[in-house]
């Protein structure tokens, strides 16, 4: 264990206003406590939620803001009470960096549903300092919210699993779908989360149908990701033929869309699981749910326990995310491309290999 300092400075890339443009920003990290891990960041994935935050789409953004919550790095120092990690470990940190540890969700190891959870960025830590994310040189994180990256897993591949991976893994396990081989599942939307949904559901032995508004991703879905079928939601004939065929649908679409067409695809007792962050009320008519005893539910990222399970599952099954690695000075272009769905399927920033204090 090295000597922990009360204050350290690091440089990240921050948004200053709702334009969402990021540029170098040097700031002071929070004080390192006895249960904290000091991490040198190596890679950080880019998530669509980062766009919502830097552009104040949800109306709660505070600036300057360093985004990034798919963080993989190396442990540089550990606090005196840290028991889970040692210097040199390759570790990850996701969306949450704090919780109350006393409420019902916390005691049930689903701390992501704690009403007092602390986000990895755009939040305030218990010491009053703003939290800043993974597009930076270093982070200080409570050991509870850090996971070990399994041996043999490439760190750049691990980064998207900490959000996109566990976001899909959590409902598949919570709703008992993981253990039932042969289920017929639908993945609505083939982006960063959706492509992980295909890979994870297939590894669980499910028959997977990708649902998209056009056929432009059909070859990719079937030939490269291993989906069993592809359904074009704008084709009325295809949708009618697929009625009552799916046990569940994982809806990853982050923009407003009608639910009725997808409810019609579900079998009796089927589940429509919402995952996209949408700031517009969704609509459906109640008979679409009542007449098939169908359920519309949601799921939010995953717990630390689920994250550890998911990483082990992916390592065992050889599941990786499909990524494009970029340097930090490309991040604004990467955000622009992500908004246009011009990425296959997740950007990962090579933080350690970037000059954080320089713009192009």
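Just so it is clear, glycine is given a Cβ too, placed from its N, Cα and C backbone atoms.
A quick note: this is a predicted structure, and the numbers were derived from the prediction, not measured.
The C-beta environment of residue 70 (Zn(2+) 1 binding site), restricted to residues of the same chain at least 6 apart in sequence and closer than 8 Å, consists of 44, 45, 46, 47, 92, 94, 134, 159, 160, 161, 162, 163, 164, 348. Annotated Zn(2+) 1 binding site per Swiss-Prot: 47, 69, 70, 163, in sequence order.
Within its own chain, residue 193 (NADP(+) binding site) has 164, 167, 168, 252, 275 as residues 6 or more apart in sequence whose C-beta sits under 8 angstroms from its own. Under the heading NADP(+) binding site, Swiss-Prot lists 49, 167, 189-194, 212-217, 252, 276, 299-301, citing similarity to another entry as support.
Secondary structure at residue 100 (Zn(2+) 2 binding site), taken from DSSP and collapsed to helix, strand or coil, is coil. Under a cutoff of 8 A between CB atoms, and with a sequence separation of 6+ in the same chain, the neighbours of residue 100 (Zn(2+) 2 binding site) are 106, 114, 115, 116, 117. What Swiss-Prot lists as Zn(2+) 2 binding site is 100, 103, 106, 114, and the listing cites similarity to another entry.
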CB contacts for residue 114 (Zn(2+) 2 binding site) [other CB atoms within 10 A, all chains]: 19
Cβ neighbours of residue 276 (NADP(+) binding site) where a neighbour is any other Cβ within 10 Å: 20
Chain-internal residues, separated by at least six, CB under 8 A from residue 301 (NADP(+) binding site): 94, 95, 96, 112, 163, 166, 167, 170
Most Cβ neighbours inside 10 Å, all chains, among the binding-site residues 69, 216: 69
Candidate binding-site residues 103, 213, 276, pick with smallest Cα gap to residue 69 (Zn(2+) 1 binding site): 276
